[in-house]
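Below is one structure, written out as structure tokens, with a few remarks after it.
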Amino acid sequence: IFKLHLNKLFMLKTTTTVATSRSFKEDRIWLNGKEEDITHPRLQSCLREIRRLARKRHNDGDATSTELTGLSQKVHICSVNNFPTAAGLASSAAGFACLVYSLAQSFGVEGELSGVARQGSGSACRSMYGGFVQWIMGNQEDGKDSLAQQVEPESHWPELRILVLVANAERKPVGSTSGMQTSVQTSCLLKHRAESVVPHRMEEMIKAVRGRDFPAFAELTMKDSNQFHATCLDTYPPIFYLNRVSQQVIHLVHRYNRHYGETRVAYSFDAGPNAVIFTLQQHVPEFVHFIQHFFPPETNGEDFIKGLPVKRAAVSEQLKQSVGLEPMPKGINYIISTKAGPGPRVVKDPSLHLLSPDGFPKL
């Protein structure tokens with residue numbers, strides 16, 4: 001049994017336990033306490049590829065006797081996210097990266113795994129590494145050279161902080177994969193974006209990250225988020241991931257930056273309404289309480305702010321008046337305070353395994 005922690009961001013993680021046994025009658029998987037369909041094509045694609053690589057290793061004479069035994073057995077998988085699933089916070093990316101890494105550990109597969117993770121979820125290839133990661137498009141028709149590459153490790157920019165504003169933890173109505181497939185088929189803007197915008201923007205983003213240039217990083221981040229959602233609107237029928245809370249966050253960020261005459265915070269939205277805010281450590285206390293003022297929560301303290309500690313800070317009346325927007329009570333359920341974290345890793349402490357000795361989820 002292998003226990004995996006995948007820290008997409010510090011404090012946000014997917015935990016996966018994999019077990020193989022001759023007593024298992026079939027492959028099975030449980031996600032967040034509920035058994036899911038193991039025959040899902042994306043799951044099967046990852047399982048097949050890991051097993052193929054394991055057989056190749058066996059044929060090459062590199063596999064151990066334990067790994068050879070496991071190859072002929074069925075597998076049980078149990079996975080848990082400690083953040084909202086299918087809500088636009090990249091739970092599929094974290095989940096498939098963790099799944100592939102744990103299966104590889106179980107079957108003794110080594111080497112480049114981001115191409116395998118990509119078969120489960122495109123973004124999962126990036127989650128195979130920590131820190132700042134790019135997804136290289138590649139040129140081969142079979143996509144085998146479309147892999148992830150680490151730009152810088154998580155230790156590169158220690159002052160950078162991330163705030164996840166959870167407005168809606170419910171499962172989104174249009175999944176990321178199906179939404180992207182529809183966009184590819186119907187959006188002219190997506191084709192322009194892929195061919196004319198993204199290549200240059202990636203070069204600029206890598207330059208900003210390596211130079212720890214926050215204003216450049218922030219502007220690129222927000223522009224790319226905006227264009228992604230413009231592509232969603234250009235899709236037919238259109239896809240609406242953002243809601244009125246998301247739009248309010250966008251207004252607040254721009255007005256906050258305008259008040260200070262510099263770019264201190266940036267927003268990004270994936271395929272969901274929940275904002276990911278980037279800022280530097282010194283601005284976290286004020287901005288968190290700024291958000292708390294404009295989205296008055298039902299509860300305060302630990303129930304509203306989770307993750308890394310956030311110091312108390314006052315929000316000036318001048319700033320509130322400069323923004324000029326009315327508060328939206330209960331618009332944000334809670335905030336996760338975090339930072340860039342490492343990629344997958346094995347934790348061998350048996351007490352942390354999600355599966356009991358018989359190979360079934362612990363109650």
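Cβ from N, Cα, C; glycine included.
TrEMBL annotations:
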DOMAIN    11-148  domain 'Diphosphomevalonate decarboxylase-like N-terminal'
DOMAIN    162-347  domain 'Mvd1 C-terminal'
Check your understanding: Could you give the mean pLDDT over the domain 'Mvd1 C-terminal' (162-347), rounded to a whole number?
Key -> 93
Practice item. Please spell out the DSSP helix, strand and coil residue counts for the domain 'Diphosphomevalonate decarboxylase-like N-terminal' (11-148). Key: 57 helix, 30 strand, 51 coil
